[in-house]
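Notes follow once the structure below has been shown.
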């Protein structure tokens, strides 16, 4: 915006009535663009002039608005932040251009493209504020319609992809379970055949679990177990994975910054993200002469001026890792969609279209960003950014093996609205030496306690029908019995336990699906913990 101030002739006094013959105001009066002038030297900065276009746009008469402040255009849905920015610009005597939802006299709304500028006389005195306006409702409606259409297209692609992949997995699980059932009815059991069926069914379950984690990663809803690590170390630890992914015919180069700062991310999800990038790079290299991959790490400072160049990263210090291939690259039409869930250019069965969307979601949920640079026929670079963490490196201990009989006959109340899920949890925990009872909702659970039953652990689902969720139940039971241990479970992974409308961060949680040994380990940790938080 130019620093040159708008000026009028020194004869201008601030009284618009004396300027009726001025060619400027004659032009303003006849233009089709709505315009008003206000007087900042009078109390409440009132309107002192409006042209016919403004009156037609708002439905008011000149007599109704002259001498009043412009706030009559505001209504209940007007953005207060935009109003505040306008006030600040007026206080600071600077130009402002914005879009605001305004109200006509009849109560109907319109989107107003507003430009306000101070006007000075030759002596440098502020005498007016000049505001030009434009009804842009049609443009905003068209933009909203386009966004809705795009959202519905994305939703259709997402739900179609989910249904396709889960139907395939359900086919595998159901088919092999039927084979196991048929084998159990025969007088002699082919143990190897049953074991193969069990293996394939479990493999399908694991793939389904991976699919939900990828979806949650894209939506930034997965539960991340962040710890301090160095990306250089992450690259070194995944070298065997890199070599297996690309094979001996691909040249792998690394350029790792020896002074690279640490970051705090989930190491398991980070490895999965890198694997997804490696797989896409490998597929892009098929048939290319002299295929090559380079891996680079760097420190980076993002300032306020540059943050939009880094996908809106907050100003601060970051570390980055970039994977570059000299593969086929992508046209812009594919580049712009490559991180959408279930978008894939691969043939059926070769990819789910969730790999890079998982990478994007993981980076975002970790406080960073993922950016892709590509040129068709030249290659692709995918760069991840994570905030610097000055804490020292930590090393996670491997989980200890779980004894098949780790329970000591502790009593557990299982609260789960799905009977099949509840029965499975009971069978698992019974096998580990616990005494379990099942109820299907929170009200039944409270009745159990009120009848005098005593339990060492309340194991409850988080989301349940009936008006009382798992957190509400846990808090009520803990209020009555402060020493009871509590473990929540949810299929929603991360944010249902931390959403402000549910809460519950004071309790430990185990995510579904959960392997029997993992559930047993978590139950033991909670029971042995001082306050039920492992």
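In case you wondered, yes, glycine gets a Cβ from its N, Cα and C as well.
Taking H, G and I as helix, E and B as strand and the rest as coil, DSSP gives the domain 'PAS' (20-93) the counts 36 helix, 8 strand, 30 coil. Swiss-Prot lists 20-93 with the feature domain 'PAS', giving sequence analysis as the kind of evidence.
Residues annotated as domain 'PAC' in Swiss-Prot, with sequence analysis given as evidence: 94-148. Computed over the domain 'PAC' (94-148), the whole-number mean pLDDT of the model equals 90.
Residues or ranges marked as domain 'Histidine kinase' by Swiss-Prot: 161-390.
The domain 'Response regulatory' annotation in Swiss-Prot covers 411-527.
Residues or ranges marked as S-4a-FMN cysteine by Swiss-Prot on the basis of similarity to another entry: 70.
Per Swiss-Prot, phosphohistidine is recorded for 164, and the stated evidence type is sequence analysis.
There are 24 other Cβ atoms within 10 Å of the Cβ belonging to residue 461 (4-aspartylphosphate). Per Swiss-Prot, the feature 4-aspartylphosphate maps to 461; the stated evidence is sequence analysis.
Around residue 70 (S-4a-FMN cysteine), taking its Cβ as the centre, 19 other Cβ atoms fall within 10 Å, counting all chains. Across the fold, the C-alpha of residue 70 (S-4a-FMN cysteine) and the C-alpha of residue 461 (4-aspartylphosphate) stand 54 Å from each other.
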